[in-house]
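Input: a single structure, listed below in structure tokens.
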Amino acid sequence: MSHEENDDYMASLGQAQTAEDEVDGAEGEVAAGSNESVLDGQTMPQISPNAPLEGNVSPPPTQPHLADNLHNGNTNASSNINKHASNSNSNGNVNGNDSNRSSPTKSPKRPVSSSFRIQNAQYDDEAEDLAAGEQVAGGDRQVPDYWQQRNGSTGATSGRQSRAISPGYLDNMSENSEQPPVVPLVRSKSRPEISSAAAARYNNLSYWKARRVVFYRNGDPFFPGVELRYRPGRDVTSLDNLLDKISPKMDLPRGARYVFSMDGDRKYHLDELEDGAFYVVSSFKAFKPASYGKKNGMWYASPGNQGWGSKPASRKPSIMEADLGTLSTTSGSIKRSAGRVIRIINNLDHSVQCRVLLNLRTSQPFEEVLEDLGQVLKINGAKKMYTGTGQEVRSFSQLRNEFADVDTFYLATGTALIAGSPIRRSRSRPSVVAAAPILPTEELPKVPLRGARPRSKSRPRILYAPESEILRPNGEYTMLDIMKEEPTKVTIRGLRRTFYPPVHHAPADNSPPDKKLQLQWVHGYRGIDARRNLWVLPSGELLYYVAAVAVLFDRDEDAQRHYTGHTEDIMCMDVHPSRELVASGQKAGRDRKSQAHVRIWSTESLQTLYVFGMGELDSGVTAVAFSQLNGGSYILAVDSGRESILSVWQWQWGHLLGKVATLQEGLSGAAFHPLDDNLIITHGRGHLAFWHRRKDGFFERTDIVKQPSRSHVTSVQFEPDGDVITADSDGFITIYSVDSDGAYFVRTEFEAHNKGIGCLIMLGEGTLLSGGEKDRKIAAWDSLQNYKKIADTKLPEAAGGVRTIYPQRPGRNDGNIYVGTTRNNILEGSLQRRFTQVVFGHGRQLWGLAAHPDDELYATAGHDKHVALWRKNKLIWTIQTGYECVALAFHPFGTLAAGSTEGHLLVINCENGAVMLTLRVCGSPLNCVAYNQVGDMIAMGSQNGSIYLFRVSRDGFSYKKVNKIRGSQPLTHLDWSMDGNFVQTVTIDFDLLFWDAKSLSPERSPIAMKDVKWLTNNCTVGFLVAGQWSNRYYSTTNTIVATCSRSAAHDMLASGDAEGYLRLFRYPCITPRAEFHESKVYSGMLACVRFLCGDHTLITVGGTDASLMVWDIVEE
């Protein structure tokens, strides 16, 4: 039965119930001439109750009391019938009957059964009728469910509310029905009997019913809400599982971790979530009251409006569409009858194209319209119009009807081929496309592909495929030639972008590459914003951390080992008293899998032993420290949240021994007292406190006699007798002693440095070393002689201030120390001799990276005004330029070009690092710089959106400005074409732009540039790299790709995103189903990634964290 017939049938049944006096025997027939109903997806004939029985249909046994009870119109009978109608509606699905199974149908031949079942009613057993509680006046016989089905009261049949059958209506029905209605036979059971417990569960509708819940973002009244439908215990098993599902959709800073009702009550279990209710999801425990679900005083509709009775909202027509047609009064859609906008393309020169508004109601003949359109495309005598699939358009009627969903057409002077054009295949007419004729080539006009007239500089240039690729030897084109690959559409930041495929490219392979990334070396050191982050292990290895990697550097073997168990940046670290274990704490990420926690791992095997703090620590770990007296059984952690919660753990068992909110902003460190494991000292900005942990887990705070007047307590050390030594940001060192009452007082205070002190360290013989952050001095003080100065020294200015000091050989008094500096360097030396550099790192943000085209060399540049040249893990030279450089490029013959944030171009000699030339290009930052393949031209993309071109000579040492191509959007990446005629760039909004370097003009047509071969592929958008966007295997949605690089062999693509993920794809990477190998060692944006010569090594820079990492590409 069709939908219209079914609606008419249900309408006729409703009219029959409301108009009782007009009901007659004809109501038993199907309305609107319909004689079929749908049963289990099959069409079955319907049988009228008055029709004689045919063939296989057997009547039920005679029931004498049925007609009497139906004819009786007393009140009791009517009320019982109403009760029966409601019961049958509520229990209609208990036996598993389908909704269409309620109508009587013919059944195959079978032996006549002694009893028939109509839903839950049996005619042969009166006792079962009485047990069901469905009786008619006096309990004679129940009314068959057949009449309720005829009246539309069965919920499983029509989906409407059950309504009572009036006595008058039953009288009319009983007069016209001399025999009981025909009912379907009982379907034989195809499943074995199940247990009573299982049956109770299956009969419980709540077990099968899905819940619909809408979640809002905490504190955001304009968030439209995320709707989730799930079946408890099946789709979602716990509240944590539900939070994992909605975290990628909520865009919360720490992921979805807490659920509240609309009035702020926290929900702890999945069973507390009610169907159809609204809840608020937060990353923190604090609920923020707001008018959730409102916007501009109006409540939001349910997200998607799916299946909740509301009609889908149609979009508002544009001005052009409103002019083209009239609005339909019924559906609100626009009738495209007056005109339409189409794109017309010159078949002989696809770069000549235009969008036109075509009036389909014009009185002008179609042939004259084609000639006029041909004049727009510079075609004399245009006579033919074709679609992208080769079908000819002969009239306005075809444009209005047959080709209504095609928006691109080609004009020609005769029968012409569409070679290399972007084909838009119709989704609604696949058969029409398949039947497209194969066009012959005998009637092709003898016109060369390139126009004979000279080109002007304003006319855009296009690269054409070779003639051998366009014309076939046999003179015919197959359907595979005509139907080219469809464009790829990618949505980036809510905007949809289309990229056109080249005619020839390697086939897409969605499998992961057969090679993977292995971290080989980490350059740099985190000293710009961290303290107490340098140690020496018993093996002699230096231990420090950069980004999310803990580095173990063996100077004797010139090798590194790396612990990569963290998923976000490491914020603090401490070494166990045995010096064999390390505790490191990380900050919290955006998803629930990157929560703030502490890891304890082995320095020998680099295996993670214990992890604790998941869910307890909020936004990060400010400080972590082992206890000293009990052999390091306790460990403390300080949360970096607003309350700065101090917690103490017994890490072997993961037990939380106690915690307290210090309520101190700017708390920077904490430590156990070496003589008391229950005494903890915390320090920070204007803060120094002593905490005594009691046996019940509570903390008591003991204040010192005189509060420190200094602004920031930066470091804490202890004398052998237990006195506390502190250093502050004003350059003072203070010693605190304890009196007989347990109160601390200031024993000694003196000025050690001009300004801030970075660190303190007490050596074994009682010598205290202090390092200044501003004056770059290291001083030694004798604690046995009231802190008399022994000696001091000063670090070079290029090294920076002192951040951390640690002895080279702990336990030996030889005076040799390691020093970590504020400019991310590590030095070694002593107070008696000069310091030498051990580890070099860029002191500020690192953005510039370039790989040499013919050697395993690479260069880096950052905001610290340094440019460095490297060979894998070796530093060759470093220079200070005086400008903050953010872009680098190697000339094919050895020079290095650097673009600065002030618009300068610096030319550096790679042999010795000397700056040979400095040019002022513009007043905006030069974000990207690149040479063409032969090295005679350099292009620079600026923040002002323009491309600056310079002529290069004398092996890259002479530069002459050619011109600039003006643009509007800031440029971030740049690539040259293989022939050096074109440049492609990516804007800050991820738009792909093309530039003609010969005619000095922007190339407006992406279709014309789709077959250009590019020297590199550093642009993050395009057809051949579209698979790195919106990939279905990403752990987070809305991933923003910040950088990418193609290997020289064109078989791999390295990609880095704004979340710090580094991925390795196969090239080309076209579809979002492309698989990859992934690593995450950065917390912020991965600034740049490049392959070295030979494709055996990959270099990455971290942007804001100034980290530089070298990756080996090894076989999987």
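Backbone N, Cα and C define each Cβ position, glycine as well.
Residues or ranges marked as compositional bias 'Polar residues' by TrEMBL: 71-85, 148-164. Annotation source TrEMBL lists compositional bias 'Low complexity' at 86-103. The domain 'Doublecortin' annotation in TrEMBL covers 211-293, 340-415. For 1-115, 139-181, the entry in TrEMBL reads region 'Disordered'. The feature repeat 'WD' is assigned by TrEMBL to 839-870.
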Helix, strand and coil counts within the domain 'Doublecortin' (211-293) (DSSP): 15 helix, 25 strand, 43 coil
Mean per-residue pLDDT computed across the domain 'Doublecortin' (211-293): 88
Counts by DSSP class (helix H/G/I, strand E/B, coil) across the repeat 'WD' (839-870): 0 helix, 17 strand, 15 coil
For the domain 'Doublecortin' (340-415), residues assigned helix / strand / coil by DSSP: 16 helix, 25 strand, 35 coil
